[in-house]
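The structure under discussion appears below in the form of structure tokens.
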Amino acid sequence: MLLSLIPYIIVQLADIFKTMFGSHVVILIALIVSSASLLLYFTYQVMNAWIHQRSLDYSKYEILRTGFLQHMQQHGKLIDEDGKLNLPVIRNLFSETDKDADKSITKGEMERLMLEMIKTGEVNVDKQFAVTEVMKVFDSNHDEKINYQEFVNGCTKWITETKQLTKSGNSFSREITHELISQKNENNPEEIDRVMSKILMHAETRLLQAESLITEDGNPNIDGIKNIFKQFDLDNNNEISKPELEQLIRTVKFGEFQPNYEDVVKELFSDFDKDGDNTINEPEFVDGLKKWVDKAIHAANSTEKANIIDEYDKIVEKKIVHGKSLVWTIIKSVLQVLLGIVILTCTGGPLMVSILQLSNSMNVPSFGISFVIVPLAMNARAAIAAIFPASHKSEKTASLTFSEIYGGVVMSNISNLTTLLAIVYAKDLTWNYSAEVLTVLVVCAIVGILAYSCTTYPLWTCLLVFFLYPFSLGLFYYAQFVLHWN
């Protein structure tokens, strides 16, 4: 951070020169140094593996936490309708992981769970890292075992972290949290098509080798569908209940696609259960499955009955992949960036006018609105979300978070000054930002010296850091309005 302040020091020399030419020469030099610093910082990050490792560790922790919660989500919603932790879902996963039923999850049992999640693609990190981090978070008494209460506490901690990151504006965590705790119980049509294509393939394999869901003349095989119904009716009461249907779905091979079983059961019951009695009788099953077989026949471009179901599955998969193609993702991202630029361009002027009008109506100096009220309104939620869940973070996680924030500040220092200097030099503007630059220079120098001299921060340093905000406001006000340092 201290090295990133060199351009700030150079640009302060612009006030020494009273001529426009001399000031522009200093700005040009500062722009060159700032641009070179930006390139050097990029190179430094690329050439130093430990920086990548820090960022990778931070990302791996996020991926692990997200994948673990997504795996739990397959057993049901993590948050119930009252917004509370869904303990039956957590108890179900705990019992499933506790293979020897000794009311505790050993490290070996956790390794098997992590290995299963890695194989299914739910967690894209190495097994050793996953097991180590999960044990750190969940095993609070360090006895190499996780009892039920520790498991509940660990799940609560990770759900809280994810929700707090969502509140702080982290788009990745917002997306994950929406998926995890949303109360929406319906899958979109593409997901239902995908589920049903796999169920049809599964049903096809349950028939005898000579049978198929499709007859020789290309129509649904009603007798074959009735045969499938009898196989799925586990208690032979001529009805398929929700537990029986869920048990069926769990035996279907979905590959990398892992649906939410609870939501799929609800969706299929709404499709098959026409009389609303929460069971599927034989006529309902025949009508429902016949409809999907008809859909597969019309969608598949094949005259061979043995290939129709397989062809339909490939068509559905291709449609899903095409809908989520990388090209469209890139185009969407670029359009969102352009939209953001347009919004900023269109609202920048009106925002300044609104600030001045608010200042006049409240009889508050525009300085107070611009540098106190607006920044607090924009950053208060993020600050609260970062401070209050700190007790939920481990030492390593807090260190990784600090590292990410610190690196972001360094990048912001260099890139923002480079942008400002480029605009001033290109437009041949007068340099009137010395007070602002001085404030950034002093505050970042204090933080940089602390970071350079300490590897562990004592508690008292937080008082100094909190004091820096009002100090920076006072310094800027004094330089701008008392010293008239423009």
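Cβ from N, Cα, C; glycine included.
Annotated domain 'EF-hand' per TrEMBL: 85-120 (among others), in sequence order. Counting only same-chain residues 6+ beyond the ends of the domain 'EF-hand' (85-120), those with a CB under 8 A from a CB of the stretch are 67-68, 71-72, 75-79, 126-127, 130-131, 134-135, 144-148, 151-152, 155-156, 159, 256, 258.
Summarising the annotation, TrEMBL assigns domain 'EF-hand' to 126-161 (among others).
Among the features that TrEMBL reports, domain 'EF-hand' is placed at 220-255 (among others). Tertiary neighbourhood of the domain 'EF-hand' (220-255): same-chain residues 195, 198-199, 202-203, 206-207, 211-214, 261-262, 264-265, 268-269, 278-282, 285-286, 289-290, 293-294, 297, selected by CB-CB distance under 8 Å and a gap of 6+ residues from either end.
Beyond the ends of the domain 'EF-hand' (260-295), by six or more residues, the same chain brings 73-77, 185-187, 192, 195-196, 199-200, 203, 213-214, 220-222, 225-226, 228-229, 232, 238-242, 245-246, 249-250, 312 to within a C-beta distance below 8 angstroms of the stretch. Residues or ranges marked as domain 'EF-hand' by TrEMBL: 260-295 (among others).
Residues annotated as transmembrane segment in TrEMBL: 20-44 (among others). Nonlocal intrachain contacts for the transmembrane segment (20-44), taken as residues 6+ away from its ends with a CB within less than 8 angstroms of a stretch CB, comprise 3-4, 6-7, 10-11, 13-14, 51, 410-411, 414-415, 417-418, 421-422, 424-425, 428, 430-431.
Sequence annotations record features per position, and here TrEMBL assigns transmembrane segment to 334-358 (among others). Here the transmembrane segment (334-358) has long-range neighbours at 364, 366, 369-370, 374, meaning same-chain residues at least 6 beyond its ends whose C-beta is under 8 angstroms from one of its own.
Sequence annotations record features per position, and here TrEMBL assigns transmembrane segment to 364-384 (among others).
Residues or ranges marked as transmembrane segment in TrEMBL: 405-425 (among others). For the transmembrane segment (405-425), the list of distant contacts is 1, 4-5, 7-8, 11, 24, 27-28, 30-31, 34-35, 37-38, 41, 51, 55, 431, 433, 437, 440, 444, 447, 451: same-chain residues at least six beyond its ends, Cβ to Cβ under 8 Å.
Below 8 angstroms of C-beta separation, residues 1-2, 4-5, 8-9, 11-12, 14-15, 23, 27, 406, 409, 413, 417, 420, 424, 461, 464-465, 468, 471-472, 475-476, 479-480, 485-486 of the same chain, each at least six residues beyond the ends of the transmembrane segment (431-452), sit close to that stretch. Taken from TrEMBL, the feature transmembrane segment applies to 431-452 (among others).
What TrEMBL lists as transmembrane segment is 459-479 (among others).
According to DSSP, the domain 'EF-hand' (220-255) comprises 20 helix, 3 strand, 13 coil.
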